[in-house]
Amino acid sequence: MWWLKDVWVIDPSQKISSPQDVLVKDGNVLEISSSMTEEEVLAKAQGENLEIINGTGKFVFPGLIDVHTHLREPGQEDKEDILSGSRAAVRGGFTTILAMANTQPPIDNRALVEFVCRQGERAGYAHVLPIGTVTKGMQGSELVEMADMKAGGAAAFSDDGKNIQNAEVMRLALEYAKLTGFPIISHCEDKNLAGDGLMRRGVSSARMGLRGIPASAESVIVARDLLLAEETGGKLHLAHISSAESVELIRRAKARGIDVTAEVNPHHLIFCDEEIKITDTVLKVNPPLGSQADREALIEGLRDGTIDMIATDHAPHTQAEKARPFAEAPFGIAGLETALSAVWQYLVKPGKLSLDRVIEAWSVSPADRFGLAGGTLKPGTPADIVLFDPDFSEVIDPAKLASKARNTPFLGKTMQGFPVMVWVEGRLVQRDRTVL
Ligand SMILES: NC(=O)N[C@@H](CC(=O)O)C(=O)O
Ligand SMILES: [Zn+2]
């Protein structure tokens with residue numbers, strides 16, 4: 001049994017944000033209260049071993065749920081696999097991760113869904129829930145067997161990595177997914193507008209002579225998908241929103257009552273196109289980093305609820321791939337182990353976002369939207385819990401990363417504010433940044 005003493009508890013699902021004590025027993029949250037005596041706790045332990053954690057100056061919140069991670073298994077295990085990715089997850093404060101379907105082969109049938117589930121269970125760290133593709137082979141034309149994949153354990157459907165270019169296929173996907181109750185997760189990118197662009201089109205791309213991707217490559221598909229969601233009544237979730245126009249379109253759609261949610265990645269909240277260097281591919285990501293105005297609009301959208309969730313879009317690649325020239329290196333930033341710390345350091349500490357809103361957006365909202373366990377510390381629920389120490393500082397050292405990937409802009413930097421204890425179903429899986 002665990003007794004987390006005098007710790008600041010943030011649980012937006014119960015509207016708690018105050019100093020409390022938390023008891024964890026038999027894998028579940030037993031009690032949250034501000035007045036526990038030692039006798040009471042010992043009586044509840046019933047002779048079981050009791051570990052007391054002094055939580056002064058630290059926070060406890062429900063384990064983060066990341067709805068956008070690329071774990072690369074099967075097929076690209078040199079970049080990441082389910083074991084390394086789920087270890088990276090608990091190092092970063094995530095107790096549940098949704099694994100994107102753009103593996104090799106893509107997760108487009110029940111057997112593959114079951115494979116990912118089994119590998120996640122075998123790893124035994126964060127809960128790993130597979131996202132199935134929307135179309136067979138991610139080819140954008142023929143829909144998968146959605147009900148069958150749901151029965152096998154899929155949590156949502158997405159062709160992420162690729163946009164579904166054919167609007168009729170997207171319309172049908174939204175229509176059919178209603179039978180499963182799952183959202184379609186859309187990677188909004190008009191292929192022709194994006195062309196073979198390398199970064200967001202603007203002053204910075206022009207200055208560096210890098211081919212640009214206009215902001216409209218995203219927003220025209222956001223607009224299309226919102227129209228299709230309204231027409232079908234299907235559930236739509238928009239992945240990695242990156243532009244001010246998209247935020248405004250979503251704001252208007254929500255006002256109309258369209259069943260849409262949206263996520264934003266930490267890198268789009270923290271960086272902008274001006275920070276990209278042609279000699280360093282680490283900030284080459286899809287969708288590309290936008291302007292400073294985009295970044296401000298994304299933060300405002302997250303603050304006011306237009307954007308529902310934060311998600312890492314953890315996109316691991318090998319150092320050899322990322323060492324290629326800018327035009328040839330793959331898009332993607334690895335995020336699981338640094339994302340929470342980065343959000344703490346660059347957004348919460350400077351007062352741009354409250355920690356309560358961050359937890360709501362990274363735990364409560366994902367659980368609600370995708371119908372997942374977690375996102376709460378309600379007594380009786382499985383103890384997926386994070387203890388966060390705002391003072392813990394660490395150099396992002398490649399030797400310490402649990403992920404196979406090194407493609408993070410924070411490599412070699414000192415960061416402050418980390419999850420220092422993580423429990424999954426009451427089992428301690430990370431302590432002082434070491435995965436157990
Ligand atoms: N975000 C990226 O830059 N890359 C992702 C694909 C994706 O999330 O669209 C990947 O699979 O590498
Ligand atoms: Zn994507």
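Here the Cβ of each residue, glycine as well, is placed from N, Cα and C on the backbone.
Sequence annotations record features per position, and here TrEMBL assigns active site to Asp313. Annotation comment: TrEMBL describes His68, His70, Asp160, Asp313 as Zn(2+) 1 binding site. Among the features that TrEMBL reports, substrate binding site is placed at His70, Leu71, Arg72, Asn102, Asn286, His317, Phe331, Gly332. Positions annotated as domain 'Dihydroorotase catalytic' by TrEMBL: 57-246.
Feature annotations (TrEMBL) mapped to structure.
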{"residue": "His68", "record": "Zn(2+) 1 binding site", "CB count, 10 Å": "27"}
{"residue": "His70", "record": "Zn(2+) 1 binding site", "CB count, 10 Å": "26"}
{"residue": "Leu71", "record": "substrate binding site", "CB count, 10 Å": "32"}
{"residue": "Arg72", "record": "substrate binding site", "CB count, 10 Å": "26"}
{"residue": "Asn102", "record": "substrate binding site", "CB count, 10 Å": "21"}
{"residue": "Asp160", "record": "Zn(2+) 1 binding site", "CB count, 10 Å": "22"}
{"residue": "Asn286", "record": "substrate binding site", "CB count, 10 Å": "21"}
{"residue": "Asp313", "record": "active site", "CB count, 10 Å": "29"}
{"residue": "His317", "record": "substrate binding site", "CB count, 10 Å": "28"}
{"residue": "Gly332", "record": "substrate binding site", "CB count, 10 Å": "23"}
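Listed recorded positions near His70 (Zn(2+) 1 binding site): Asn102, Asp313 (candidates Asn102, Asn286, Asp313; Cα-Cα distance within 10 Å).
Looking at His317 (substrate binding site) and His68 (Zn(2+) 1 binding site), their Cα atoms lie 15 Å from each other. Listed in sequence order, the binding-site residues near Asp160 (Zn(2+) 1 binding site) (C-alpha within 10 Å of its C-alpha) are Asn102, out of Leu71, Arg72, Asn102, Phe331, Gly332. Checking the binding-site residues His68, Leu71, Arg72 against ligand 1, not one has its Cβ under 6 Å from it. Spatially, by CA atoms, the binding-site residues His68, Leu71, Arg72, Asn102, Asn286 include one closest to Asp313 (active site), and that is His68. Across all of the domain 'Dihydroorotase catalytic' (57-246), the predicted model scores a mean pLDDT of 98. A Cα-Cα distance of 11 Å separates Asn102 (substrate binding site) from His68 (Zn(2+) 1 binding site). Counting every protein chain shown, the Cβ of Phe331 (substrate binding site) has 16 other Cβ atoms within 10 Å. Not a single one of the binding-site residues among His68, His70, Arg72, His317, Phe331, Gly332 has a C-beta coming within less than 6 Å of an atom of ligand 2. Within 8 Å of the centroid of the Cβ atoms of His68, His70, Asp160, Asp313, where the record puts Zn(2+) 1, the same chain has further Cβ atoms from Thr69, Met100, Gly161, Ala239, His240, Ala311, Thr312, His314, Ala315. In the three-state DSSP classification, His317 (substrate binding site) falls within coil. His68 (Zn(2+) 1 binding site) falls within a strand segment according to DSSP.
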